[in-house]
Structures are given as C-alpha cells and as structure tokens.
C-alpha cells in the first residue's frame, strides 16, 4: 500500500475548456511526487514537489495562476505539515514568490515559528536566498479578465469563485509510514487586501498526524475555517472511521452547519486514501502500487498503469 500520494487541484465548477488542463495537471503532479517517493524521498518531499508543479501551472489558483484581490494584485497563502513531530510551516499574503509552498517549508525547517505573513515573510525569503519574481509574472490574462468582471456592482465573487480552479494540495505517506500535507492558494477572487483564508491555518487548510492521517482541503475558505475541516475529518478517523467516511462526514457537517461547499483529499498511515467533494467538481489524482487514479466529477474514477521510467 505504501508509498502513496494524492493531489487535488481545487473544488468548484471548472469551465469545460479548462477541465482537461486541470486533470492533466493533477495527474502530472501525482506522477512526479510518486517518483520522489519511489526514489526514497520523504512524504514532505513528495507533497512539496506536487504542489510546486501545480503552483507553476497557470491552470490553478496558486502560484502563477493566482486570482487577484480587489486591487488587482496577487496575495498567496501556503501550508506544510508533517505527521511525525507535528511540525508545520505556513506563509500568508505573500506577493513576489513563484512557489509559496517552498517558503512555507523553509518556515518549518529554518525558524521556530509556524507562520510568517506579508512583508515579514518576504524579508525571511530574501534572507534565505529565495529569488523574488515580478508581480506581473504571476498574473494571467484569465485572472485579470475575471478580476475586471467581478468589479461590476452586480457581481457575486463567491459564486464566480467556482469558475476558477481553486486551491491546490497534496497528501502522502512514505515508505516509513510518515504522513504529510501541503496546501497552496491565491485565495478568493476579488478579496479584500490582506484577506487570509483557511489554507495557511493548521487544522483548516490541512493537517497531518502519524496517529491518524493527513488531509488537504479546498473550497470556501471562511466556511472551512469555521469547522476546522481538516482536523474535523481526522477526529472522525481517530474514532475509527475510514478515510472516505470521515471525509464525507466532515464535508456534510460543513454543508449543513455553515452552508459551505468544498473538497478534501485524505490518507491514513496505512495508505488508504480518499478524494471527496461536495462541489460540482474537483480535479484529483492519486498514485499507489504503480497505478495512477484520477477523476473530476462525482463518482468518476479512472486508472492508468504508471510505467517505470
């Protein structure tokens, strides 16, 4: 069963012309992360590899595909956590970074803190030799078009949010049985400047604990934060629920309690995994025992053999 990696490209409604790119993007990320695991890499190496690839893919709302805030600027959030010691690192409202997930890992490994924000995170990045990129390089024509459209007085950004692939994330278990999660996002379309959602918050955007498993979430950030969705799912797993049942219980609770839609990827330390969502779609992919699994719509589950390179 081990190693295993599961990847998501965000919950929501994906326009048809973008859905193929979303599916191929998560499949490529899962394959690459699986190769890291097969090569002896840790679960943390694998989830950061997967999310880095998704941040570099303009089809997703993270890194160079991030949505814009009300001022037309990019502000990104990211989180990593590993299940052996519960170490975590996060960044919020960072602007000039190509890969916020790598900066989040540096926060975990090189500081005594769990989260750095905005200018403080940028200063830390510079001290670590992380290159800054021009803001323009992170803004796509698609993001700019949707930003302008949502400045209209009758626009509904939460509804329209679902037209853009959301947050990206990954969970993994390595050969040693250690779990890890990683989540990264450009946030919410036309959000207020300085708005931070669920993604960099431990227990909401993700959680990893070798005693129960790992989760990465996606969806309406404010709703996810209200129910601390990732931790909520792992609580159910601690009570004996499977990864799939616990994921469904968490999503159902979020929907009934706060009216929130979203999606999750979940894995337990034995390698059982789930990709579940209450939104219309969620691009996801998983790699285990040299087989790639993937899907986009509810009930969809395709498989493909991973050829040894």
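The backbone N, Cα and C atoms fix where each Cβ goes, glycine too.
Around residue 167 (active site, nucleophile), the C-beta neighbours below 8 angstroms that are at least 6 residues distant in the chain are 8, 10, 11, 61, 62, 183, 184, 185, 199, 205, 217, 218, 219. Per TrEMBL, the feature active site, nucleophile maps to 167.
All protein chains included, residue 219 (substrate binding site) registers 28 other Cβ atoms within 10 Å of its own Cβ. Marked as substrate binding site by TrEMBL: 195, 196, 197, 198, 218, 219, 220, 221.
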Among 197, 221, the most crowded of the binding-site residues [Cβ within 10 Å]: 221
Distant-in-sequence Cβ neighbours of residue 196 (substrate binding site), under 8 Å, six or more positions away: 77, 92, 93, 117, 187
Sparsest-packed among the binding-site residues, when each Cβ's other Cβ atoms within 10 Å are tallied, from 195, 198, 218: 195
Where the record names 195, 196, 197, 198, 218, 219, 220, 221 as binding substrate, the maximum Cα to Cα distance in Å: 16
Cβ-Cβ neighbours of residue 220 (substrate binding site) (radius 10 Å): 24
